[in-house]
Every structure is written in structure tokens, then in C-alpha cells.
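Student: Before anything else, here's the structure in question.
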Amino acid sequence: MSLRFHTLPTLPRAVKPGCRELLCLLVIAVMVSPSASGMCPTACICATDIVSCTNKNLSKVPGNLFRLIKRLDLSYNRIGLLDADWIPVSFVKLSTLILRHNNITSISTGSFSTTPNLKCLDLSSNRLKSVKSATFQELKALEVLLLYNNHISYLDPAAFGGLSHLQKLYLSGNFLTQFPMDLYTGRFKLADLTFLDVSYNRIPSIPMHHINLVPGRQLRGIYLHGNPFVCDCSLYSLLIFWYRRHFSSVMDFKNDYTCRLWSDSRHSHQLQLLQESFLNCSYSVINGSFHALGFIHEAQVGERAIVHCDSKTGNGNTDFIWVGPDNRLLEPDKDMGNFRVFYNGSLVIENPGFEDAGVYSCIAMNRQRLLNETVDIMINVSNFTINRSHAHEAFNTAFTTLAACVASIVLVLLYLYLTPCPCKCKAKRQKNTLSQSSAHSSILSPGPTGDASADDRKAGKRVVFLEPLKDTAAGQNGKVKLFPSETVIAEGILKSTRAKSDSDSVNSVFSDTPFVAST
């Protein structure tokens, strides 16, 4: 029991002794009354501003609690409905209210009007099936809301409207089938929400086109493990990107990210999402996810690099800060060694090294429009000297190969079309052509004339051998008939060459006139 001792007022001496004792009793009675001192109920345990009424089979809040308490624990009771009258008194200083492990099935509007300054509300392990619009609208200062281990299957887009200071929201262990994207986009988005736990629900996929719009500082606190995801390369690229950025939501629960194929049955084996060569997803698909979240900047070792923050909210009323790959905060007008941030959002790396490569997040905060935007930029650091030498080697090899091919083609063309032909070759070609054309008109061509040149006289005479034909017809008595009634012409021509004699005279071996036997 908690008692307060106050200084009793000085009683007038004119009061009689009996009346004085009666007045003292009245003062003490007023001081220890429930409304003034807040005596601790028999079902609770009180410690100054902390009251615990756990596991007492309570269905409502005791009415004689001290009004200035800061923490009230009503877990493991039988509270089933939260309406406007479930708390009989107003707790203006109450900051933590614990209602886990009750039978709460519904929350009415105005249920928390008597606790306007709550910062932490625990409604976990109850029987809530949905969260309606403006359920928590009175809790303007609420920072942590625990709704895990319920039966929630529907969240109204305006369910958390007005909770502008909400930082952590626990929704794991429910029956949600869609990712609550309204928490990050739209009219009722929560700008300060940096922790969202929707693990172990029934969410089959993530809206990839919208999740890329979530600022980086909010992405770090999204927990998705334990959901029955459908295997997809886009989901894999998102999670592997978070894993490479060392998000605790993926690093700490790597083995709890699983998926199933469409063809799998309900009880089929789950596949690990975060594994190498997952479903043969191409590297371009994975990189596409990286690029969608920002830009890529190339820097050279030892050369000053300037990276601009391409934010749509950037103007004179915008403040910029950067977050490095190691979660180091980079701000303007601060000594950060190798880094420097200007007021226009530009990041300068004076002497980049390989260890400076990674994903940098630029956070632009517009004071006038009350907007903020996060731009993720991938900075790659490479060695210009090494890359240049490799480039020159590749160029030299390609140029040599091309030159060799051109030279080969030129030589082939020269060989085909520019081969020299001597005069003797041309003369022989002409003679062969003439002899073939005159074969049908004459049996033998005439020999060279007397005025022929010396070269022409080198050639021998042409002769014709006539093949005798046997006529087996009757009346020939086996005689050989050289020429039958119809003349048969043999066109076999034999060329012979006789060397020139010392006296420069050329004799004919055979006459030009063919010998014909008479019949």
C-alpha cells in the first residue's frame, strides 16, 4: 500500500479538545481516500508509478488506481472488448499500457481517449481479426504498437492514420495476405516508421514496383521472413540486395526466407531463397534491381570523385545527409577525413580507394514541403592504370588481326587478277582456238608459208591418220574399204615439233596432201 504524508494544518487553539480530535480524523480520512491517494487495489501490485495487475481474471480496469501512474500491466486477464468506458478514470501520464494475452476481439473508436499520452501499447496475443479506420486516432504520441500473434487478416488503409510519431509496428504471426504498402505510400503513410515486422504471415509476394519507392532508412527495418513466398527472381534480387547491404532483417534470419514453386503442393519442400544460383536467375535481373534503387558512379583510385544527389525535392529549403556503406553518417561542415558533403547535396571523395566502394544513400529533407527522399547510389572504384593497359593490349591484338586479314585479301586478289602471262602463252592460246574452229572445214591446215618467221617454222607438219573401216557387207570379199560411199572425216590431229637443223632448213616428214587409196 502506498501512503502519502502531508503536513497537517495548524488548528486554532479556540477549538475544543474533542472537536480537534474529530477534525484530525476527517483530514486523515480525506488523505487516504482512493480518489486522493490512489490506494493500490488488492488484485494489483503497485510500485510508485508502476502498477501490475496480471493474471487476476479481470474483465475491466480497477477504478481505484492512482491516476498519475506511468506503466500499467493488465496482461493474462479476461478483457474482451475495448470501448469508450473500459477505463473508468483518465490516466494523463500513462506512457505504457500492456494488454497482451487477453480475449480482446474488437476495439471501438475512442477506446484510448483517457490515455492520450501513450507511447507504447501492447495488444499482442489476443483475438483481433481486423484493424478498422481511425482505431488509434487519439494516440498522437504513440511510438511503439505491438499487434503480433493475433488473427488479423485485414488492415484498413487509415487504420494507423494520425500516428505521426509511430516508429515500430509489430504485425508478425497474423493472417495478412498482402504487404501493408499504405504504411509507406499514400495519404496515411508513416514517415517515422523505421521498423515493421510482418514475418510469419501469409504474404505470397511483395509489390516490387512500390517497394523501390520506400526510403532506404525505412527499408532497413522491414522484416519479411517466415512468409510463404512464391519463388521469383525479382524477390530474390530484392533480398540479395538487402543481404549485401547487411540489413539485419535479412542477415539475422537468412535461413527463414523460403519460397515454393507454383507446381508444388501445399506441403511440399520449401526452397531457400538466399542461396547461390537460385533458380538460375540471371545476373542482369539482379543488377536490374540494384539500378532501380539508384544510380551507378564510376570512380578511379586516387582521383577526386564528385557524386551528386539527384533528388527531386532539392532546392534552397532542402538539407542533405549521406549514409555510407558502413552506415556512417556523412553531414555538411563536419570533419570526415576523406569525405566531404556540400550544402547542395554533392558528396566529394578526395582520395578514393577500393575500400570506399559500395552503396551510398543520399537523404534529402525538404523543410518547407515536409518531404524527404532517399537516393541510393552505387560507387564503383577501379584502377585506371590497370584498366588502360588491358585496353591497349586488347586494341593491339585486334588491330594486328585485322591488318593480317586485309593483307591476305589483297594478296589473293593480286594473284587472281594480276598474274603475268608471257607472249608464248598467248600465241598458243590463239592457235588452239583457230585450230578448233577450222576443224569442221578442213582436215588439215596448210603448212607455213615461205615468208613465215623463224619462230613459226619451228613447228612441224600436221598429219591426219585415217582409220580404215571394214565393210562386212556382201560382195566385198573381205577387202578393206578406206572410204565408203559416205565420207568419214577423222578429226584427230597430232602435233609434232621438229628441232631446227644447223642449216636452218625444215623438211616435211609427210606431205600436206593426205594419201588416199583407190578402190
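In case you wondered, yes, glycine gets a Cβ from its N, Cα and C as well.
Values in this document were obtained by computation on a predicted structure and should not be read as measured data.
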Student: Looking at 256-277, 300-321, 498-519, I want to know which stretch Swiss-Prot calls region 'Disordered'.
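Tutor: When 256-277, 300-321, 498-519 are checked in Swiss-Prot, region 'Disordered' belongs to 498-519.
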Student: Scan C44, C46 and flag the one Swiss-Prot records as disulfide-linked to C53.
Tutor: C44
Student: Should any of the disulfide-bonded residues C46, C231, C233, C259, C309 have a Cα within 10 Å of the Cα of C53 (disulfide bond), which are they?
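Tutor: Among C46, C231, C233, C259, C309, the ones whose Cα sits within 10 Å of that of C53 (disulfide bond) are C46.
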Student: Take every residue in the repeat 'LRR 3' (117-138), average their pLDDT values, and give the whole-number result.
Tutor: 93
Student: If you count Cβ atoms within 10 Å of the Cβ of C231 (disulfide bond), leaving out that atom itself, what do you get?
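Tutor: That number is 18.
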Student: Which one is closest to C259 (disulfide bond) in space, judged by CA to CA distance, out of the disulfide-bonded residues C44, C46, C309, C362?
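Tutor: If we rank C44, C46, C309, C362 by Cα distance to C259 (disulfide bond), first place goes to C362.
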Student: Among all protein chains shown, how many Cβ atoms are found within 10 Å of the Cβ of C40 (disulfide bond), not counting that one?
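Tutor: Result for C40 (disulfide bond): 19 neighbouring Cβ atoms inside 10 Å.
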Student: From the Cα of C362 (disulfide bond) across to the Cα of C233 (disulfide bond), what is the distance in angstrom?
Tutor: 27
Student: When neighbour density is defined as the number of other C-beta atoms within 10 angstroms of a residue's C-beta, which of the disulfide-bonded residues C53, C362 has the lowest density?
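Tutor: Per-residue Cβ counts within 10 Å for the disulfide-bonded residues C53, C362 bottom out at C53.
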Student: Quick one: Cα separation, C40 (disulfide bond) versus C362 (disulfide bond), in Å?
Tutor: 53
